[in-house]
Amino acid sequence: FSPAVFPLSCVVQNYSWGKVGLESEVAKLVASADPLVQIQPDQPYAELWMGTHPRGDALIRDNRIPQTTLGQWIADNPACLGAKVKDAFQGQLPFLFKVLSVNTALSVQAHPNKELAAKLHAQFPEHYPDANHKPEMAIALTPFKGLCGFRPVEEIVSFLQNVPELRALIGEVAAEQLERSGSDDPRGVSAALRVCFTRLMKSEKKSFVDQLNVLVRRISQEAAEGKDTSGSNGDLLLRLHSQYPGDIGCFTIYFLNLVRLEPGEAMFLGANEPHAYLHGDCVEIMACSDNTVRAGLTPKFIDVLTLCEMLNYTPAPSSAKIFPAAQSQLDPNVYLYDPPVPDFTIMRIEIPASIKLYLISAMDSASILLVIQGTAVGTSTAAASEMSLRRGSVLFISANESISLHLSSPDGMLLFRACCLL
């Protein structure tokens with residue numbers, strides 16, 4: 001007998017932008033799942049990786065299984081992926097599932113589509129390590145803030161009129177072109193937006209640092225005098241400037257939507273969508289790729305030309321960036337986040353306190369299950385023994401296997417299940 005359902009111990013990434021110690025949802029989940037783990041109070045706990053990525057391949061917690069990591073086990077048992085997934089994704093798990101705890105902003109970035117990824121990888125393999133696209137979806141666990149997509153033009157124009165430091169960097173010609181572009185000509189609007197954003201991102205370092213200092217001084221003074229600085233997006237500007245002083249990324253807040261997610265709300269980031277996570281905790285799922293084109297709020301390699309060329313310059317309100325979950329027809333406890341890419345889907349499973357026995361149903365895809373709240377004992381004909389599940393537990397479930405949960409918590413359970421629905 002070889003188990004096909006088993007618990008995982010997952011890799012933590014301690015990136016500097018992460019929340020620190022037990023402020024971090026990542027740290028709380030890890031500490032709850034394994035009481036022997038010592039959480040360092042001054043260490044950032046930024047990401048928990050649940051998958052087979054070579055820099056964070058999950059460890060198998062089942063001594064009847066000879067393989068050490070999930071990646072090794074899937075390589076030896078590719079049928080566990082499900083027939084369709086195995087064929088479509090060459091015997092690889094097609095997604096990486098994560099928890100993120102964001103304290104300071106991540107870089108302004110976008111991910112290429114497959115065509116651009118292949119080209120970038122061929123030209124600059126040291127910066128673009130693979131030829132795959134990298135769509136992503138984030139679902140908030142706590143109130144979550146991020147920048148995503150270009151704002152409606154009237155909002156950008158209003159900032160151009162209220163923030164002379166921004167207008168100075170973009171230049172009068174480009175600013176007027178955007179102001180004159182009419183909503184009846186979407187291609188004209190996108191072209192004008194491209195010119196403005198590119199002019200900003202390619203401005204000389206000395207000039208943008210000078211303008212940023214003038215802007216920060218002005219807003220700090222206005223705030224100290226009790227004035228309303230919202231016309232210059234003052235609060236966010238000062239916060240980002242304190243995290244990344246002198247960084248061109250600070251100016252992107254005048255072009256990109258500020259999106260606020262409540263727990264359970266999601267945003268989907270397709271190819272070429274500019275974004276930057278700002279603060280909060282979320283679960284995230286992405287296609288297997290490390291291709292990120294960055295242009296600000298980061299000490300890493302930035303590629304402004306590629307970013308400005310590739311972006312989707314279609315303006316839209318921030319409300320349009322919230323990706324809806326659909327309640328499952330088959331099971332009212334399941335909410336489906338099914339984006340327009342084949343690589344991944346997430347299910348949010350909310351089991352009310354009144355239910356004491358719940359079936360995690362079989363599907364034609366391998367899946368990874370994460371417990372956010374509640375406790376249960378899980379049994380499966382494909383598991384070596386019963387599994388105790390609590391906050392932070394992570395299980396791998398092979399295709400066509402199911403798990404019975406015997407709930408023991410008074411408040412029900414909240415779980416997320418990552419899979420691939422082809």
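Note that the numbers count up from 1, one per residue, in the order the chain is shown.
Cβ coordinates come from backbone N, Cα and C, glycine included.
Not measured: the values here are computed from a predicted model.
The domain 'Phosphomannose isomerase type I catalytic' annotation in TrEMBL covers 5-153. Feature annotation from TrEMBL assigns Zn(2+) binding site to Gln109, His111, Glu136, His275. For 169-256, the entry in TrEMBL reads domain 'Phosphomannose isomerase type I helical insertion'. Among the features that TrEMBL reports, active site is placed at Arg294. Summarising the annotation, TrEMBL assigns domain 'Phosphomannose isomerase type I C-terminal' to 336-376.
Each of Ala110, Lys134, Leu269, Glu273, Pro274, Thr292 belongs to the same chain as Gln109, His111, Glu136, His275, is absent from that list, and has a C-beta within 8 angstroms of the C-beta centroid marking the Zn(2+) site.
Gln109 (Zn(2+) binding site) sits 4 Å from Arg294 (active site), counting Cα to Cα. A separation of roughly 9 Å, to the nearest angstrom, links the Cα atoms of the residue listed as 'active site' and His111 (Zn(2+) binding site). Residue counts for the domain 'Phosphomannose isomerase type I helical insertion' (169-256) by DSSP state, with H, G and I taken as helix and E and B as strand, are 67 helix, 1 strand, 20 coil. The Cβ neighbour count for Arg294 (active site), using a 10 Å radius over every protein chain in view, is 22. Look at the domain 'Phosphomannose isomerase type I catalytic' (5-153): DSSP puts its residues at 40 helix, 43 strand, 66 coil. Neighbour list (His111 (Zn(2+) binding site), Cβ cut-off 8 Å, at least 6 residues apart, same chain): His133, Lys134, Pro135, Glu136, Leu269, Ala271, Asn272, Glu273, Ser289, Asn291, Thr292, Val293.
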